[in-house]
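Worksheet for the structure shown next.
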Amino acid sequence: MVGGGGGHGVRTPANFPPRQKARLPRGPVHEKSLEQQKKGPSSSSPSVSSNKSPLQLAAAIVQPQKPLESPQHMVTPVRLQESPGPRTIPCSSGSVGSGSGAAPFDICIKRDDKCSIKLSRSLLEINREKRREREQLSKEAAPLQYLRPGMVLLKKFLKHDDQVDIIRRCQKLGIGSGGFYTPGYRDGGKLSLQMMCLGKNWDPNSRSYGDTRPFDGAQPPSIPEVFSKIVKDAIQASNEFLRQKARPANDVEELPPLSPDICLVNFYTSSGKLGLHQDKDETKPSLHKGLPVVSFSLGDTAEFLYGDVNDVDKASKVDLESGDVLIFGGKSRLIFHGVSRIKPKTAPNWLTDEAKLRPGRLNLTFRQH
């Protein structure tokens with residue numbers, strides 16, 4: 001135990017009571033003290049009794065370190081050097097959040113023998129679940145869905161390994177400099193999500209982009225090349241789908257190519273949501289060309305709203321599941337959109353097992369400034 005405290009704490013040599021059987025050092029002092037014991041109390045030393053004189057005479061000459069040489073005294077200092085290990089820290093002691101002095105927000109759960117009683121499933125069970133998911137997808141919905149002009153949903157476009165890799169990369173970036181924080185406004189209001197910017201920083205107060213975050217001066221991490229490659233592949237797949245869908249053939253709708261230099265990474269907890277809004281803080285040329293917004297969804301399912309007006313009652317809705325990629329550009333570039341709710345416990349079990357993603361939804365939205 002460290003720090004002292006009550007009367008039942010560790011005793012130190014300073015507060016040990018005198019021990020009657022302590023051995024006295026050999027030599028002239030020892031012989032003299034025995035002689036005084038035989039003679040009784042001396043008139044010249046009225047304060048020395050036959051019971052105390054040996055100890056008092058020994059204490060006056062013996063060095064203070066001597067009592068520590070006894071076996072009983074040598075046990076206590078060892079206890080003073082003990083320090084509590086990690087196993088003494090409660091599982092709930094790790095702070096989550098991004099306020100002043102708080103630990104960086106971690107989108108993944110660190111599981112150890114003490115904090116988790118959930119057993120890892122076998123590789124066979126995980127592979128069976130992945131196979132069932134693929135079979136279910138082929139039966140329930142088309143891989144690509146046309147929602148409206150300029151808006152395409154690619155169901156389960158992110159492969160299993162891609163999803164795990166994206167989560168792990170975001171987790172590593174999120175706990176570093178420029179990582180996740182809780183965005184807020186000047187009036188004290190907070191968004192019900194954690195945010196991290198890649199490429200450029202987006203400030204919710206000024207609704208503008210910059211090279212650093214105003215509140216701590218941190219520079220946003222770069223967008224990983226593998227993310228940009230998936231964005232390019234998703235737009236290419238969407239355009240191929242639109243060409244096949246076009247009737248007549250001369251009325252082909254096509255999404256413009258995107259070179260993303262901005263990525264907003266948002267993590268929604270199970271109670272997270274985001275009101276209807278427009279993504280219109282990019283440059284005028286980017287908006288005029290209708291350069292698309294590309295959105296990755298991972299983890300729990302989100303109920304996504306979208307429409308032409310800022311009215312929840314008039315908005316359409318679609319579920320965005322883990323692995324889905326949503327693209328809106330061209331005529332749909334400035335649609336109102338938001339997240340009305342997160343559906344708890346809808347993330348694939350294999351994803352939470354492999355990536356250790358905490359309950360909630362991870363969303364990446366790419367755009368070009």
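The backbone N, Cα and C atoms fix where each Cβ goes, and this holds for glycine too.
Just so you know, TrEMBL annotations are computer predictions that nobody has curated.
Copied over from TrEMBL:
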BINDING   His277, Asp279, His337  Fe cation binding site
COMPBIAS  28-38  compositional bias 'Basic and acidic residues'
COMPBIAS  39-54  compositional bias 'Low complexity'
DOMAIN    259-369  domain 'Fe2OG dioxygenase'
REGION    1-55  region 'Disordered'
Does His277 (Fe cation binding site) have same-chain partners at least 6 apart in sequence with Cβ under 8 Å from its own Cβ, and which are they? Phe336, His337, Gly338
Long-range Cβ environment of Asp279 (Fe cation binding site), under 8 Å and at least 6 residues apart: Val293, Arg333, Leu334, His337, Thr365, Arg367
Centre the Cβ atoms of His277, Asp279, His337, go out 8 Å, and tell me which other residues of that chain have a Cβ in range of the Fe cation site. Leu276, Gln278, Lys280, Ile335, Phe336, Gly338
